[in-house]
Amino acid sequence: MKIIIADDYQELSRRASDLLLEVVKRDPYAVLGLATGTTPLGAYEHMIENHKKNGTSYLHVRTVNLDEYKGLPASHPQSYACFMRHNLFDGLDIDLENTYIENGMAAEEEEECARYDKLLRSLPRDVQLLGLGSNGHIAFNEPGTPFDSGTHVVTLAESTVRDNARLFAGIDEVPRKAFTMGIRQIMQARRVLILASGANKADAVFCMAKGPVTEDVPASVLRLHPDCTLIVDRAAAAKL
């Protein structure tokens, strides 16, 4: 695993966007695995700015997202489908027909998981972007998730619910279940880029990068990936 320590969140975001732009410029038909949450927002802003200033095109780029809340339609303002449109896709020339995410309203969980598994097999990702949860989760793969897991429905850990409550009207509004890409599928991306910012992520960064590789810290498996880059700001790197 390559570790890059940025001075602050702004530098972290710039470095992350530079790596993603490198993939898109090299292959106009690239497949990007994308993430939600607050950490990648700065990188997405840089990508939009670059598109407007330099004309980098996403017309033929395909994207797949990590996860989606169960029970929220794509039109819901707190759905991850809406998050991606608002924070990235609406600022690019991307074809929304080429953007993929789990269906949070799917009635049959097993069928939806199988559908997404099949989709991921048909779209090998050139790069997978990840954030790091304060408990070491990646996507919604909580501690204890088997490393060989595929797409599945997960009950969110209370720490994850608390972390995400700031995006809702209150903690009671946060869905308790979600569809998530599995760890096995994350590891199948050609390249993985994981971001962590802030002092509240310092323990998770240490456990991920320096502790044992264990299912108790899902992100620790990324040390086994042949091409993984961790970008952290100085606050998140404090315990390295």
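Cβ atoms here come from the backbone N, Cα and C positions, even for glycine.
What TrEMBL says about a protein is an automatic prediction, not a curated fact.
Since the structure is predicted, the reported quantities are computational estimates derived from the model, not experimental observations.
Per TrEMBL, the features are:
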ACT_SITE  Asp67  active site, proton acceptor
ACT_SITE  Asn135  active site, for ring-opening step
ACT_SITE  His137  active site, proton acceptor
ACT_SITE  Glu142  active site, for ring-opening step
DOMAIN    10-223  domain 'Glucosamine/galactosamine-6-phosphate isomerase'
If one measures from the C-alpha of Asp67 (active site, proton acceptor) to the C-alpha of Glu142 (active site, for ring-opening step), what distance in angstrom results, rounded to a whole number? 13
Suppose you look only at the domain 'Glucosamine/galactosamine-6-phosphate isomerase' (10-223); what would the mean pLDDT be? 97
Can you tell me the CA-to-CA distance separating Asn135 (active site, for ring-opening step) and Glu142 (active site, for ring-opening step), as a whole number of Å? 8
Top of the active-site residues Asp67, His137, Glu142 by count of other CB atoms within 10 A is His137
Taking 10 A as the limit, how many CB atoms besides its own sit near the CB of Asn135 (active site, for ring-opening step)? 19
